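Reviewing the structure listed below.
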Amino acid sequence: MSATKLTRREQRARAQHFIDTLEGTAFPNSKRIYLTGTHSGVRVPMREIQLSPTLIGGSKEQPQFEENEAIPVYDTSGPYGDPQIAINVQQGLAKLRQPWIDARGDTEELTVRSSDYTKARLADDGLDELRFSGVLTPKRAKAGRRVTQLHYARQGIITPEMEFIAIRENMGRERIRSEVLRHQHPGMSFGARLPENITAEFVRDEVAAGRAIIPANINHPESEPMIIGRNFLVKVNANIGNSAVTSSIEEEVEKLVWSMRWGADTVMDLSTGRYIHETREWILRNSPVPIGTVPIYQALEKVNGIAEDLTWEAFRDTLLEQAEQGVDYFTIHAGVLLRYVPMTAKRLTGIVSRGGSIMAKWCLSHHQENFLYQHFREICEICAAYDVSLSLGDGLRPGSIQDANDEAQFAELHTLGELTKIAWEYDVQVMIEGPGHVPMQMIRRNMTEELEHCHEAPFYTLGPLTTDIAPGYDHFTSGIGASMIGWFGCAMLCYVTPKEHLGLPNKEDVKQGLITYKIAAHAADLAKGHPGAQIRDNAMSKARFEFRWEDQFNLALDPFTARAYHDETLPQESGKVAHFCSMCGPKFCSMKISQEVRDYAATQTIEMGMADMSENFRARGGEIYLRKEEA
């Protein structure tokens, strides 16, 4: 941690410099590759980690080597991970999906924005210097049409997005030939259906059944298609966003790019401060991953932060504003019903969800039912016109392990299941949000309840945190719960940073949270038995046993930290080829001793074999040639 705290001006200047000098960057000894599909324009990016050869014999002068295969890995960094692509944040990213959207012929450009708030912002000349220059002309579905990936899937249509996802989820494992690398332990999937090869038809079928979603607003053509579902790789979400007291547009764009570099599959913009609209436009136009929001936060800003003054009209205007900007999924707290609020009275920590507390306060002040619940069908109509997925928020999630799995939490969950079926009537894609704070022995029930009552819609959880005693380390406490619930079937994990419960995360906190959650997600994939999940582990273990230090660094989730820790004690170049590390030293390295034992055993086997053959030769009379019947 830096001893010098930057001023707000210095923080903004640093972020501006980051944006101005941004270019595509590969991880050490990695290169960007693209796998193509049958649909036009389907080029799926992956990162391929190049490995050094293994020394297998020979002499010092003429060593013999065996090549090691490059390892392809899932890559969320988009154009920012390709050194061949010129990055210009002022112009935004290329519109990858635009030709696919246009080819379907079911959308139309809007000549006038649907949101009054958007119209007012665009008419305000004072915002010109903050505004993203290349504002997208929004589209919506033509009258009587639905443009969601769920609608297409139910019609039996395999979209380019679905083919893109199938290639991406297979992670290029068909390129791996080594049996050592392909070896994998059987998983325990708890009912998940994990095919050996993921096809576009399998993707379509999972989306059609509601077991998976493809967040892909037609107004976010820059996004690279991805999928959230328990029969696919476990995904990780990162939260960013400014507040009334900290962060700027430049810093949020920097955090966006940083999040994707470290593995965020989606990013939620939780901004609550000034210039929410303008910040979101910059984020969307520069994001290759889906962007989610909590619209009630901005709606609250529009009524000066007074929850009692919220109206359906203000909220509806916010939905239209954000849908036409390109937001891919909305968190909607429509399950916080008036009759559930008293259930939280006996809790130790009450209602801890910001969105949940806003809606609870509105319900109590008006003594009326939650207007998000009352107008849920209208919400679905809006989402169906732009293909905005719904993330049904857990406004009554437990905020302490004492409150875990209580009456209020599961009452809301059951209501979310009812709302899921309504959303599906409109071909709107749905995932369900979950807790929270839950001790380990109570985690699995959350998954089984969700599968049963929410009809196997994808589950998306914040952790859960497994203990409440570690402020400053809640990325650890929640990472434990995240790996468990991911194994049980949770489709996406919302990261927790070291600043959870303490403050707004900075750039380094974002990285720490993401690395922790990429570990949790990968551990869950291994435990479920996701095909190919173990390849990278096998490659790392082989490199470790063969003392290929550079390969160990480069195969790591965080190559820079791995190298830095090694170099703290063995900084010399000779340390990169040494057959030991500073933990045990040269004489007590278990790997080195194991190699010596293996070599000794192999030599002994050869010598014993030769002795057996010699004895057999003498027993047969010492004749060089034997008669045919004796041979």
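Glycine is no exception: its Cβ is also placed from the backbone N, Cα and C atoms.
Swiss-Prot lists Asn239, Met268, His333, Ser353, Arg354, Gly355, Asp394, Gly395, Leu396, Arg397, Glu433, Tyr460 as binding substrate, and of Tyr297, Tyr386, Tyr473, Tyr517 the one it places in that same site is Tyr297. Farthest C-alpha pair in the substrate-binding residues Asn239, Met268, Tyr297, His333, Ser353, Arg354, Gly355, Asp394, Gly395, Leu396, Arg397, Glu433, Tyr460: 20 Å apart.
Classification of Gly355 (substrate binding site) by DSSP places it within a helix. Counting only residues at least six positions away in the same chain, the Cβ atoms of Ile228, Asn237, Ser391, Met431, Ile432, Glu433, Gly434, Cys490, Ala491, Met492, Leu493, Cys494 sit under 8 Å from the Cβ of Tyr460 (substrate binding site).
Secondary structure at Tyr297 (substrate binding site), as computed by DSSP, is helix. If you draw a 10 Å sphere around the CB of His437 (Zn(2+) binding site), it holds 25 other CB atoms from the protein chains shown. Distance between Cα atoms for Tyr297 (substrate binding site) and His437 (Zn(2+) binding site): 23 Å, as a whole number.
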